[in-house]
Amino acid sequence: MRLWLILFKKEFKESLRNFKWLWIPLVLILLGIMQPVTSYFLPDILESFGDLPEGAILNFPVPTAAQVLAETIGQFNQIGVLIIVLAFMGIITGERNKGTNVMVLVKPVPFSTYITTKWVHMSLLMISAFLLGFLIALYYTFELIGTVPMSHVFKGMLVYCLWLLFITSILLLFSVLFNSTAAVAALTLGTTITLSLLSSLTPKLMAWSPGMLVSHTFRFFETGSAGDGFWLAAIITAVIIFISLVASTYIFKNKEVVSHTT
Amino acid sequence: MKVESFINDLQSVPWSLVAPIIILSFILMVIAFIDCFKHGRTNGPQWVWILVIVFINIAGPIAYFIFGRRND
Amino acid sequence: MSLILTEALTKTFNGTNAVDQIDLSIKEGVCTALLGPNGAGKTTTLNMLTGLMKKSSGNIIFDKRYSGDRRKYIGYLPQYPKFYSWMTGEEYVIYSGQLGGISKQEAIKKTDDLLAMVGLSDDKRKKIAGYSGGMKQRLGIAQALIHDPKLLILDEPVSALDPIGRREVLELMKTLKKKTSILFSTHVLHDAEEVCEDIFIIKKGKVVVEGNLGELQKKYQKPTIYIETEEPLESWSQSLKDIEWLRHIEADNTKLTITVENIDVAREYILNNTGLRNLNIKSFQVAKTTLEDLFMEVTK
């Protein structure tokens, strides 16, 4: 545990020094402000492009607060996830390609410690940034549009965090498997996008899929209670996260730290 | 006439809502700028990144932190 | 009992043996060199000893007194050490110490001493990004020593350095070997001769010569005679072939190198040989072979 904290602190310090702990939350906060403000002004903005035929413009329904929160999560899920994945695509491959991992792993450091500190740190940064951004979005939504019961919001965010952990755990797995950071980013984004798309196109077939968690989040915002198949998707996601972590550790342990050079 | 409508437009902008966005994106730009300047080690020429940070709002600093900064 | 013993240690890459059945025995309290040309399998051998590479077959046996994770007892400096360049030198060595299992307070104290020893006291608060190659090498030695390893493994510690840096690191190694056992690889015999007691000469993944350096020197130092003539001497040199004191002969047009058993007998014989005199001797020189010749010979 002592050693685990030492490696974790190193990850934390590194991300403080390269400003990840500053710029990532800042970007999510910006996203969190922009979405409710845009929703609020959308009718006005459309009106100012006033060349539309008379009467056509007036039929924009003002979205409900829960809808705005869902739209915000939608934005986070696209731009936010893209940024996080790009920012952490080198989580294992970066040190491996640079060779800085050699002098750490030649010390009596368990491979599992090396892997899990990186994953926990990445997940912590990602969730903190998303929560901060979401809190700001919540404030703006409540001020501008209307309120949603806090228990709904809380449950929804909890479910969304599970989806975020799913993303970080497959990112870790791909990072252990492949040496190219571009491949890691492409595979992680590809997997999350495919799962999300399939889940929205064929929700019945994909009821088990982690990709369903995003729509379950929306459902919690709206009603505060679990939709059909929520527990199935949640449990399967938790299992996938666990398996990814165990597999990452196992594969990492059995991979050569240094490869043959000559 | 034109000036008047321009002033009208300015007054109709809800500054209390827009100001945080402007301020935060400015802070993001300043952090990226200072870091790019001080850290000095970039992928590609440093001056290009400085231009990107200063002239491309929000996306410029993000691009710098992800692709421009050498985090070794 | 040896500190580390390897038995038929082998590493195979794509069907070829980069390290082929190597038996090493690294003694405690001794500096050992792994000597060989580039690509002989030195780094691969060291990587297997440190656990950074998995062996294909064979055994690595560490002294029984040091049980558990082998890495606890090893300090390692790779040929091209790569540091977290966002850390300062001081931070890096403290971090290494903590990874090695010592407490933070202890690490801080020792870091101070070690950085002073490797001559980095003035630069310890600077980011590693700004360090020169020689400074990084010395920082690498400090981080390898911080947890008091039983064995210090250095991979080509001086080959990337300029003459001054080379001198500094070799002097440092001489100081270090009083306190800890050292195993290092090099392709330069001189470096090995300067600091080591034991050497293993490796060629194409196999040990070709091994032993105590002093004994090897004695064993392989043979009197040698160099002769140069104006006329070609190759045909004349054939007449020497069957003489019993001759160990080795190499003729090349007008030049001849012979290694002999007894220098006095050989000198007497050759200088009185009329066949040779008729070829007009230009130079006649008596010397001793060195390990360098042996090294060149076996690694050719």
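Please read every residue number as a count from 1 along the shown chain.
From the backbone N, Cα and C atoms, a Cβ is placed for every residue, glycine too.
Keep in mind that this is a model prediction, so the values were computed, not measured.
The following features are taken from TrEMBL:
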type: TRANSMEM; residues: A:21-42; note: transmembrane segment
type: TRANSMEM; residues: A:76-94; note: transmembrane segment
type: TRANSMEM; residues: A:124-142; note: transmembrane segment
type: TRANSMEM; residues: A:157-178; note: transmembrane segment
type: TRANSMEM; residues: A:185-209; note: transmembrane segment
type: TRANSMEM; residues: A:229-252; note: transmembrane segment
Point to revise | Interface-richest range of A:76-94, A:124-142, A:157-178 toward the transmembrane segment (A:21-42), CB pairs under 8 Å | key: A:124-142
Study note, to complete from the structure: With the cut-off at Cβ under 8 Å and a gap of six or more residues from its ends, the chain residues touching the transmembrane segment (A:229-252) are 92, 111-112, 114-116, 119, 159, 162-163, 165-166, 169-170, 172-173, 175-177, 207-210, 212-213, 216, 219
Review point. Going along the chain, which residues at least six beyond the ends of the transmembrane segment (A:124-142) come within the CB cut-off of under 8 Å?
Key: 15, 20-21, 24-25, 27-33, 35-37, 65, 68-69, 72-73, 76, 80, 84, 88, 148, 153, 157, 160-161, 164-165, 167-168
Revision key, fill the gap. In the same chain, residues at least 6 away from the ends of the transmembrane segment (A:157-178) whose Cβ sits under 8 Å of its Cβ atoms read 73, 81, 84-85, 88-93, 115, 118-119, 122-123, 126-127, 130-131, 134, 184, 187-188, 191-192, 210, 213-214, 216-217, 220, 230, 234, 237-238, 240-241, 244-245, 247-248, 251-252, 255
